[in-house]
Amino acid sequence: MAVAAAQKSREMFAINKSYSIENGYPARRRSLVDDARFETIVVKQTKQSVLEEARQLANVNDQYDDQGFESEEKPIGHENEVESSESSEPSSSDNDDSDAGLTEEEVLLEKAASQDKDAEMAVQRATLVLRLREGINSLARVLKVIENGKGNVVHLESRPSKEQGVQFDVLAKVDMTRKDLLALMKILRQSSTLASITILAEDNINVKNPWFPRHARDLDNCNHLVTKYEPELDMNHPGFADKVYRSRRKEIAAIAFEYKYGDSIPYIDYTADEVGTWTAVFNNVLDLMPKHFCMEYRNAFKMLQDEKIFTEDKIP
């Protein structure tokens, strides 16, 4: 632990010194690699703090909801013969372990349910992964628990599991409210029938199993990142003090961000100054092309000119 803490301190110190201009390092000596590493650590720490805050909020809510959950859990567990490992008088350490074992999706789900009472009672679809210890026949008992927990199963998939001690993996899509879903998760986690249960997020991305777009429409699911090099944030950006440029840039960026796959390509009405800038750049490129550009580039450029896509008086 001490070694890990020391290593983390060294990383933060080195990254802060290389990243922070306020620490005496001029902008020309800033490293893009160090900047990216710094952002990664900041995002990770921010995510951990948000999850910790959500877990603390969940602990507070559980103190008020414990009696309600117990009254719901007992008849469901008894009626469906789902074995419970919870003792009649749980210790405070048991509660802490239970809360610490919440997945990221469950923590965010509980936080959203506690903050928005209307959304808490709204029926939504959740995707659960159930890992059965006792074979596929035990799935019937689990489905009965879901039914008694006011859930409606709309889709099921099963396959033999590759995990040790687990016979089948079952994917279930369930329609139910957030409140009932949280109660159901706590009940199923106590069952000896299940080795584990997980809520899948729609946009869940794991570092060890990264997601990549496989079609152009998948790009609509990607986030638009805001970097520190935007003209609004970077004092060294040429347009930092140009309010007209920043406003125009924001307007054009909004059009691009709102575009979705399959939409008609939006038309942008460029100003005379913007067209004049394009004309100057276009003519300068034509002058430099014979001497400095490769044959492949010149051929591709000529094709765009022949199709009237590249002209000096119109921005493509």
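Positions of Cβ are set from backbone N, Cα and C atoms, glycine also.
All annotation found in TrEMBL is predicted automatically rather than curated by experts.
Quick look at what TrEMBL lists:
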- 59-101: region 'Disordered' (REGION)
- 71-81: compositional bias 'Basic and acidic residues' (COMPBIAS)
- 127-202: domain 'ACT' (DOMAIN)
- 197-316: domain 'Biopterin-dependent aromatic amino acid hydroxylase family profile' (DOMAIN)
*Which numbers of helix, strand and coil residues does DSSP report for the domain 'Biopterin-dependent aromatic amino acid hydroxylase family profile' (197-316)?*
55 helix, 6 strand, 59 coil
*Summarise the model confidence on the domain 'Biopterin-dependent aromatic amino acid hydroxylase family profile' (197-316) as a single mean pLDDT, whole number.*
83
